[in-house]
Structure formats: C-alpha cells, structure tokens
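Q: Just lifted these from TrEMBL, have a look:
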| type | residues | note |
| --- | --- | --- |
| TRANSMEM | 6-26 | transmembrane segment |
| TRANSMEM | 33-59 | transmembrane segment |
| TRANSMEM | 71-97 | transmembrane segment |
| TRANSMEM | 104-123 | transmembrane segment |
| DOMAIN | 127-423 | domain 'NADH:quinone oxidoreductase/Mrp antiporter transmembrane' |
| TRANSMEM | 202-229 | transmembrane segment |
| TRANSMEM | 241-262 | transmembrane segment |
| TRANSMEM | 274-297 | transmembrane segment |
| TRANSMEM | 304-326 | transmembrane segment |
| TRANSMEM | 332-353 | transmembrane segment |
| TRANSMEM | 411-430 | transmembrane segment |
| TRANSMEM | 466-485 | transmembrane segment |
| TRANSMEM | 578-599 | transmembrane segment |
Amino acid sequence: MHHLPLFPIFFPFLIAILLLGIGPFFKRRVLDSIAIITSLLVTLICLLLVFKAPLVYWFGNHIPIQKTVVGIGFVIDLSAALLATLASLLTLCVFIYCWHYFEAAGNLFHALVLIFLGGMLGFCFTSDLFNLFVFFELMSISAYALTGYKNESRSSLQGSLNFVVTNSLGGILILLGIGFTYSQTGALNFAQVGNLYIHQSMNGSMVASFILITSGFLIKAAIVPFHFWLADAHTVAPTPISVLFSGIMAQLGLYGLARIYWTMFAKPSFPLEHQFLILFFTIGALTILVGSMMCFMERSLKRMLAFSTISNSGVMLIGLSSLTPIGLQGLIYYIFAHGLLKAILFMCVGILLHHFGSVDELELWRKGKAIPLIGVLFFIATIGLCGFPVWGVFTAKNLIELSLPSFEKEMFIFLILFETLLTGGALIRASGRIFIGFGKHQTIHTPVKNITQQQETEHTKKATPITMLIPITILMVTLLVLNTFTQFNVLLNEAAQEFQNQRWYSSVVFNQPPPPLYDKPLMHTSSNYLIELIGVFGAVLVGLLALFGHRCSQWLKNIVTILIIPPSMKLKSLQSGLINDYVSWIILSITLISFFMLMSL
C-alpha cells in the first residue's frame, strides 16, 4: 500500500515499453487487450486513491527534514486523484473504442497513449516544479506523435508542427519561470517554495516567475489568444485522440496554473488577488466570445468541437479567477462534466467518419438518418453541454456564478448565455442537418479549409461496432451516476477547500496535523434553472434559424449580415495555420500580461 501512488504512473510506462518490444510478434487484438487491461487497472487504482487521499510518497524514503525537502515526492490530494481518475477513465474508453477503429493501429499507438496517460497522471501527482515540467513535456511529446498518427498528409504535418512549436514554447516559458523561482528560493517543492515566499516581499523576479509559468499553462489550456494550436491539432489528430485532447489534456493546463498559484503565490507577500481576478476574468471572457463565434462559423465537426472546447475553457478560467473554494469546486465539476460530454460527442463524430468517411457538416446532410441512435446520443450530449439540468455542466456553471462578485456575476450570466447560444446552436444545427435532414442541401464547391478526412476505420461500414458504443454507454452512465450522487458535490467541495488551502497542503507535505476545513457545498437556486433553460432552448432556436435562415424575414438577414458575419470572418482569418502568426500572438499576449502585472507592483 505504501507504494500505491507509483502504480498509476509507472505501470503504464512499463507496459508501453513491453508493447514496443513484443508488438511486432503478436496480433493486434493481443495488444488491444493488454492496453485495455492496463488502463482498467490504472482507473481502478486512481479511484481507490480518491478514497485514500491524502497520500504522500517520497522516493527513496527521503522525508523532509525541518520543512526542507531533500527528495522527490508525490502528493495525492482529492483533486489530483479525481482528475487522474477522469484521465484514466477516458483512456480506457479510447482503447475500447479503438478495438475496431484503426485499420492497422500498430504497437506504437498503444505505447504512445499509455505514455501519454502516465504523463498526465504524473502531472497531477507531482509535488515539485521540475518534475511538473518533466511530466508536462512527456505528455506533450507523446501528444505530438499521436496528433499526426496514421496521417502523412501535408495538412496533418502542418497541424502537428503548429502543435509542437506552440506547446514547446509553452514548455520553455514554464522552464524559465522555474529558473526564476529557484534563483529566489533555492527550492523546487511547491510547499517549500510557498513557505519561503511568505518571508519575501513581492519583487520583479517573483512576478516574472508567475507570468512565465502562467503563460506556459495558458498555452496548454488553449486560452485565447494562446489557442490557435488546438483547432489545428484536432483537425489532423485521429478522432479517439481528440477525446483525450479536449476531454482532459487542455484542462490540465488550468490545473497546473491553479496548483502553482495556490501552493506558491497565494501569499500576503504577493497581494495581487484583485489583479488576478481582473486579468483572468477578462481573458476568460475573451476566450468565451472568440471560441463561441469560431465554433458557429465551422463546417468541420472536429474543428467545431475544438472551438467549443476553447469556449468552455474560458468558462473554467473564470471559475479559477474567483479565487474562492466555490469557484474552484465549480471548475473541477466543469472539468468532469465537460470532459465526459465532449468525449461522447467526439466518439459520435468518429462513428460518422467510420460510416461515411467525412466530418463535413454539409457533406453529411441527411446521411445520419441511417444511424438514428448516434443522432440521439449526439443531441443528448449537446444539450448537456449547453447546461441542461442533470448533466453536470448546469451545476458547474451555477457554482462558478455563485463564486463571483456582483458585477462579474452579471457579466458571467451574459457570457454563458452567449456561449450556449452559439456553441449549442452550432451543434444543434449540425445534428439537425446530419441526422434529420433539416435545411437546404448545399452543393459543396470547395472543401473545408485545413480539414483532413483520411479514413481511420476498417473497411466494413455496414454496422456500428459494439465496441464503439460501449465507451459511450460507460461515459453516459458515469455522468448520470455523478449527477444523481449528491455526495459527489460534497466530495468536490472538500477537494476545492483542500486545494485552495496552502496551510493544508503544506501540513500534508511536512507530515503535520492539517487545519480544519469549513465551507459547506452550496446548492443551485430556481433562478439558475430558468437561465440555463433559456440558454438551452435559445440554442435550439439559433440552430433552427441557421438551418432555415433562408425563410427568415429580410431584416433578420440584414442583422446577421451586418453585425455577426464580418467580425466572425475576421476572427476566422486570424486562424491562418501559419506558425509565425501564432508565435507572434503568443509573444504579444505575454507582453501585455507582463505590462498589466508589472504595473500592479
């Protein structure tokens, strides 16, 4: 039991090495079975860690001496164990889904996904800055390879290269920030750095460290204007890999940012809470607006879902910006609900690609009528993502709203309505066009820009393989259980309080009695039901208007033509696919963030 925290991380690494060695000598089904069993065991162990948390493991039994860390350690608190469980569950579902998906997956696919899983779990469990960077890079390198897996087209290589360059830049920024921190404190452990910062007044090096590390994680989280890589990566990545990218990987960027802030920088000597709220609420709002508009403009289902992820990441960032346990509780809840729902949507898109060889909304017009069950699942996941009660996103948005000051709360209500109307409207439009045949059949003169539709599945398309439906069922059942199990909300509240309490984290690391927790979970009110239902039905209305817009009155067409289309087209032109443009935006954004933070000194 003492070594239990090591198992979820190093067991996938060992199996990945094994698969690389034995892969050429065994049939694919053997490799599939080993990968499924491995991810199932890891999921069960992570679930066990949820009930065993908090746990601390020191490599070589190098226990801290007088609050001085002399070794490498893992700290598994509730939030880390919960996110690790989500990551391993999604990986398990991906392996089951891929049983009949790729024509020839090869042993590299299983090994890369297992390394990716180990990197994500190490990122969740580590308690020091340098290993956070190591697992960040390990996760990123395997993701780079998976992005271009089984696809050697020019657009695929371009999308993979954009991913590599932008995320590598994020890694460099994090490493530079770690260097500033180490030069100030001579320590790398989160708790030790936090304790040392208590006795230091705020200075330029401390702020520079915060800005650099924050910028690196904002790139990973695909927050505007660091977001350009995500849609390009989704366009070319195999659909099952998109499940992991949108379901958990992007959200781990926000987890890393939150972990760094509350263990190291949330101090009286770093009095920037108000600036933090203004900065990240503003960036979150911008992310919601841009992601929603770009989502509505897309024809490619994969890019549509990618921009939906960007928009939802903005909602999560606003939850983080509140700097309260309730906001953090809403953030963790949102990560869970969004991850499961987005995984279902991507798996439905993968089934469409399996049957019809396309993810183009216009090209798929009415073809989805042949698979009505997938249409029902797609629609249920869509309204769940819009915030329909019972599916989790509703509760998460409500918690985030309750955590905000009055002015920001009013702004947040407007933002989530805007996000629901556009992203939900886009997905409703797509489901109506594909699975019912609503709207006019449009002749396709030009293919979707930057879209790759290389066949990913086996040749037999007569029926949907049961292995593609099993993971969707698992995810649906998990969502229903979590949202009907009231104790889950209490568990998330406890996780949020632990996460945000630096004294609690420090006491766990240094084996001291932790301080008591105090907040009780808040429940939603009837007014929230009304707002969310307005958003859901509004999204349905927007989707129908988009499908039957040719029948609308001329004044409504003029409003759309004058007010909506020009800014949307301008935003779309910025998604150029050129690395130089993306890096320029990153540099400009870091400069503006630095100016804002340094002006607060």
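Glycine too: its Cβ is placed from the backbone N, Cα and C atoms.
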Q: May I ask you to check whether the transmembrane segment (71-97) and the transmembrane segment (202-229) make contact, with contact taken as at least three Cβ pairs under 8 Å and only pairs 6 or more apart in sequence counted?
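A: The answer is no, given that the two segments have fewer than 3 Cβ pairs within the 8 Å cut-off.
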Q: Any chance you could find the range in 6-26, 202-229, 241-262, 466-485 with the most Cβ pairs under 8 Å to the transmembrane segment (578-599)?
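A: When the Cβ pairs under 8 Å are tallied, 202-229 comes out ahead.
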Q: Are there residues at least six beyond either end of the transmembrane segment (466-485) with Cβ under 8 Å to its Cβ atoms? List them, or say none.
A: 89, 92-94, 96-97, 99-101, 336-337, 340-341, 343-344, 347-348, 350-351, 354, 373, 377, 380, 384, 390-392, 395
Q: Would you kindly list the residues that approach the transmembrane segment (6-26) from elsewhere in its chain, counting only those six or more residues past its ends and only Cβ-Cβ distances under 8 Å?
A: 34-35, 38-39, 41-42, 45-46, 49, 57, 74, 84, 88, 106-108, 110-112, 114-115, 117-118, 121-122, 125
